[in-house]
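Peer 1: Take this structure first; my questions come after.
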Amino acid sequence: MSADTQKQAAGLAAIDHIESGMKVGLGTGSTAAWFVKAVADAVRDGLKLTLVSTSNQTTHLAQSLGLEIKDINDVGKLDVCVDGADEIGSGLALIKGGGGALLREKLIWEMADRCIVIADAAKHVATLGAFALPIEVEPFAYKGTINRICDVLSEFDIAKLPVLRKKGGESFVTDGGNLIFDVPCGAILDPSGLASALKATTGVVDHGLFLDLADVALIGTDSGVDILHP
Ligand SMILES: O=C[C@H](O)[C@H](O)[C@H](O)COP(=O)(O)O
């Protein structure tokens, strides 16, 4: 089964966790897109939902499917958020941000009672870090921020340089107007320590480590959908 078929299976399975009346956060990426489509079908069939989005990309997709996206500041606390991931490690520790939406995703996840991560089987790993860790950085004085990030990385024995993400030859700019630097960490042995140290670094807006946030993972496999808990 292809990765896309597995993503579809996970995205569609997530709709079983959604009930009429819920306030729902819509994630970003190719897996979350399957969930957004499932939501559009369910709403067409009469499900009443209040929806918020984690990115401009998802907002455009949702609106193109006839869904109304509310401003998170008018909605407040969410019942559930459903979103993809780049890696799912032990305890449902995640790397996210491959699509550059990590900050708005984390803001929405933090406002949800329950976070459901959906992914294809290849995303499930023993140790986080084969996928380069995205770090969102304020553009002003970013070179100084990168030096401070390198100091943090060396404290964690990660001897890799952050790589500025580019798109179409230009620096990739997030929905919030920031830069993304990707760090090919290799095995991240202390995700919690690294997450705290990066968060405390001046100029770092946020990073792609999502720890203690996911409540359940729905993993599309060749034989169905596996359900994992932290
Ligand atoms: O910034 C993007 C998000 O964190 C995505 O949820 C993540 O990159 C997974 O994307 P996909 O489902 O396309 O693999």
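One is the number of the first residue shown, and numbering goes on along the chain from there.
From the backbone N, Cα and C atoms, a Cβ is placed for every residue, glycine too.
The following feature annotations were taken from TrEMBL:
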BINDING   T28, G29, S30, T31, D83, G84, A85, D86, K96, G97, G98, G99, K123  substrate binding site
ACT_SITE  E105  active site, proton acceptor
Peer 1: Which binding-site residues among T28, S30, K123 have CB under 6 Å of ligand 1?
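Peer 2: Within range of ligand 1: T28, S30.
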Peer 1: Which of the three DSSP states, helix, strand or coil, fits A85 (substrate binding site)?
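Peer 2: A85 (substrate binding site) sits in coil per DSSP, no helix or strand.
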Peer 1: Cα distance, E105 (active site, proton acceptor) to D83 (substrate binding site), nearest Å?
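Peer 2: Computed Cα spacing between D83 (substrate binding site) and E105 (active site, proton acceptor) is 8 Å.
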Peer 1: Run through the Cβ atoms and count how many others sit within 10 Å of the one on A85 (substrate binding site).
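Peer 2: Its Cβ has 29 other Cβ atoms within 10 Å.
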Peer 1: What are the non-local neighbours of S30 (substrate binding site), defined as same-chain residues 6+ apart in sequence with CB under 8 A from its CB?
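Peer 2: Correct list: D4, K7, G84.
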Peer 1: Measuring Cα to Cα across T28, G29, S30, T31, D83, G84, A85, D86, K96, G97, G98, G99, K123, which the record gives as the substrate binders, how far apart are the two most distant ones in Å?
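Peer 2: Site span for substrate, by Cα atoms: 15 Å.
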Peer 1: Whole-number Å only: compute the distance from the Cα of G98 (substrate binding site) to the Cα of E105 (active site, proton acceptor).
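Peer 2: With the alpha carbons as reference points, the distance is 12 Å.
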Peer 1: Rounded to a whole number, how many Å is the Cα of T28 (substrate binding site) away from the Cα of the residue listed as 'active site, proton acceptor'?
Peer 2: 8
Peer 1: Calculate the distance in Å between the alpha carbons (Cα) of E105 (active site, proton acceptor) and A85 (substrate binding site), and round it to a whole number.
Peer 2: 11
Peer 1: Among the binding-site residues K96, K123, which residue has the fewest other Cβ atoms within 10 Å of its own Cβ?
Peer 2: K123
Peer 1: Centre the Cβ atoms of T28, G29, S30, T31, D83, G84, A85, D86, K96, G97, G98, G99, K123, go out 8 Å, and tell me which other residues of that chain have a Cβ in range of the substrate site.
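Peer 2: Near the substrate site, the remaining chain residues are G27, A32, A101, A119.
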Peer 1: If you draw a 10 Å sphere on the Cβ of G98 (substrate binding site), how many other Cβ atoms land inside?
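Peer 2: A count of 21.
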Peer 1: Around the C-beta of D83 (substrate binding site), how many further C-beta atoms are within 10 angstroms, looking at every protein chain?
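Peer 2: Step by step: centre on the Cβ of D83 (substrate binding site), count other Cβ atoms within 10 Å, giving 31.
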